[in-house]
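Q: Take a look at this one; I'll ask things after.
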Amino acid sequence: MCFVFVKTVISRWLVVLGRTVNYKFSEFMQNRARKNYIIYVIMLLVFGGLIYVAIGEGDRFLHHAENFPAIQGDPFTIFCQFMADNLQEPLTILLIQIIAVLLMVRLFGYLFNHMGQPAVIGEIVAGIVLGPSVLGAFFPEIFTFLFPTDSLTNLGLLSQVGLILFMFVIGMELDFSILKNKINETLVISHAGILVPFFLGILASFWIYEEYASTQTAFLPFSLFIGISMSITAFPVLARIIQERNMTKTPLGTLAIASAANDDVTAWCLLAVVIAISKAGNFASALYSVALTAVYIIVMFWVVRPFLRKVGEVYANKEAINKTFVAFILLILIISSCITEVIGIHALFGAFMAGVVMPSNIGFRKVMMEKVEDISLVFFLPLFFAFTGLRTEIGLINSPDLWLVCLLLITVAIVGKLGGCAIASRLVGETWKDSLIVGTLMNTRGLMELVALNIGYEMGVLPPSIFVILVIMALVTTFMTTPLLHFVESFFAHREEKMSLKQKLILCFGRLNREEIYFRSTISYLASNWRRST
C-alpha cells in the first residue's frame, strides 16, 4: 500500500516536472535569437564531428603523400615563413606599391600646394622620389623590395589604363564654343607656340643627336620627338592655374584657355603623325598610318559624334545616367583607343578623340566627368607618376656636357614657347603685359609633357639620359609658371604706378606753368594800364 502511494506520488511529480520542463523549453525556443543560437551550435557540433571523422578516415591514403615535403620548425617560424611567401605574391606587391604611391603623391601634392605651386608638380616629384634617383640611391633594400623588376609590368599596365581615362576626360573638357569665338587670335597664338619651339627643338637635335641618341634611332624620329616635346602645353594645369587666379571669366583668361585648347588639339594630332613616322621609319611609309588616321578622325566627327549627340539629348536634363549607357560610352572609349593603337598612333590619341566627340550638352559631360575623373586623377594617375619616376634616374646626367644639354633644352623650351606665344599675342593686338602672361601660361607643360615623353621612351626613340633631361625640363617650365606670373604682374604694376606718378607730376608742373603765365600776363596788363593812366 505504501509502495503504491510512493509510486503514485513520484509518477505525478514526474508528470508535473515534464510539463514544466516542456513549457520552459517551449518558452525558450519561442525566442528566435535563442532558437537560432541553438541551431547554430548543433550544426557546428554535428558537421564538425562528421568532418573530423571523414578526415581521420583519409589517413589510409598516406602512401600517396610520401614525397610531400615535411615542414620543419616550430609553429611561429612556419607562420613567419608563410607571411614572407605571401609578401612575394604579385598581387600583394602591387597592392603595397599602390599604397606607397598614393600616400607619397597625396603628401607631396599637399606640400607643393602650400608652396603656391600646382599639385601636379608635387605628384611628379613624388614619383621621382620613389624611383632610383632618391629611394633607390639612399634605401636600395626598400626600393628593391617595393619595386622588384618583374613587378613593373603590372604597374605600367595600370598606369596606361589611367592615362586612357585621363585623356578621355581631357577631350571632354574641351569647349569648342570658346575656340569658335576666339578662333582668329587663338590660331595665331597656339600655332606660334607649336611651330617656333618645334623648329628650335629640331635645330637643337643637330647638336645632341650624334652624341646622345641611340645607334638604332634615326635622326628623323629623334628630332621630331625633341620638337614635339618642346611644343606641348599642359591644358589641365593651365586651366587650374587660371581658375585659382580667378581669371576664368576675364578676356585674358578666356584667350589663354582657348589658345591652350587649340594647342592641345593640334599638338596631339601632330604627335600622332610623329608616332606614325617614328614607327614606320620614314615619311613615305607613314603615309598609310596618316591616311588611316585621317579616315578615323572623319568617322569620329561625321558619324560617331552626330550619333552620340542624338543619344545625349535623351540625358540632357537628367542628373543621372543609367549603367547601361555608361557601359556603352566606356565601350566607345575602349574601341577608339584600340583602333588608334592598331593604326600605330597610340591608344591615348583614341581616348582623347573619344572625349572630344562626346555630346556637348553640359549636363551629360558633367555627369560623365564626375564618374571618370575622380578615379583617374586620384587612383590611376599617381601610378603613372610613380612609373615615370622609376624611369627617371637623375644620376644618368653625370657629365658637364649632359648638364649643358639640359640647360640648352630648357632654354629652347622657354624661348620657343613663352617667346613665340608672347610675340604672337602682341601681334594680334594684346598689350605686352597680357602677351607675357599668355606666354607664361602656355609655357606650362606638366603632365601632358610626361605622357609624350613616356611614349617616346617606350618606342626607344628617346634614350634614358635625354628622357631624364626632358623630365627635368617639364618640371622646371611648370614650376616657374606661378612665380613668373607674379613677377610679370608686379613688374607691370610697379611700372604703371611709376607712369601714373610721372603723369601726375607732369600735370602738376603743367598747372604751375599755366598759373605762372596767367600771373605774369595779369601783371603786365595791370602795368600797361597804369602807364596809360599816368
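Heads up, the Cβ atoms here are built off N, Cα and C, so glycines get one too.
The model shown is predicted, which means the values in this text are computed figures rather than measured ones.
For reference, TrEMBL lists these features for the protein:
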TRANSMEM  37-55  transmembrane segment
TRANSMEM  91-112  transmembrane segment
DOMAIN    104-485  domain 'Cation/H+ exchanger transmembrane'
TRANSMEM  124-143  transmembrane segment
TRANSMEM  155-174  transmembrane segment
TRANSMEM  186-208  transmembrane segment
TRANSMEM  220-242  transmembrane segment
TRANSMEM  254-277  transmembrane segment
TRANSMEM  283-304  transmembrane segment
TRANSMEM  325-354  transmembrane segment
TRANSMEM  374-390  transmembrane segment
TRANSMEM  402-425  transmembrane segment
TRANSMEM  466-488  transmembrane segment
Q: Taking contact to mean three or more C-beta pairs under 8 angstroms, with sequence separation of 6 or more, is the transmembrane segment (325-354) in contact with the transmembrane segment (155-174)?
A: yes
Q: What stretch, picked from 91-112, 155-174, 220-242, 402-425, has the most CB pairs under 8 A with the transmembrane segment (374-390)?
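A: When the Cβ pairs under 8 Å are tallied, 155-174 comes out ahead.
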Q: Quick check for me: are there 3+ Cβ pairs below 8 Å between the transmembrane segment (283-304) and the transmembrane segment (254-277), leaving out pairs under 6 residues apart?
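A: Contact confirmed: at least 3 Cβ pairs fall under 8 Å.
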Q: Are there 3 or more C-beta pairs under 8 Å linking the transmembrane segment (186-208) with the transmembrane segment (402-425), counting only pairs at least 6 apart in sequence?
A: yes
Q: Using Cβ atoms only, state whether the transmembrane segment (186-208) and the transmembrane segment (254-277) have three or more pairs under 8 Å that are 6 or more apart in sequence.
A: yes
Q: Any contact between the transmembrane segment (220-242) and the transmembrane segment (91-112)? By contact I mean 3+ C-beta pairs closer than 8 Å, pairs at least 6 apart along the chain.
A: no
Q: Excluding the flanking five residues on each side, which residues at least 6 beyond the ends of the transmembrane segment (155-174) place their CB within less than 8 Å of a CB in that stretch?
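A: For the transmembrane segment (155-174), the list is 94, 97, 147, 235-236, 239, 261, 264-265, 333, 337, 347-349, 351-358, 365, 368-369, 372-373, 375-377, 379-381, 383-384, 386-387, 390, 447, 451.
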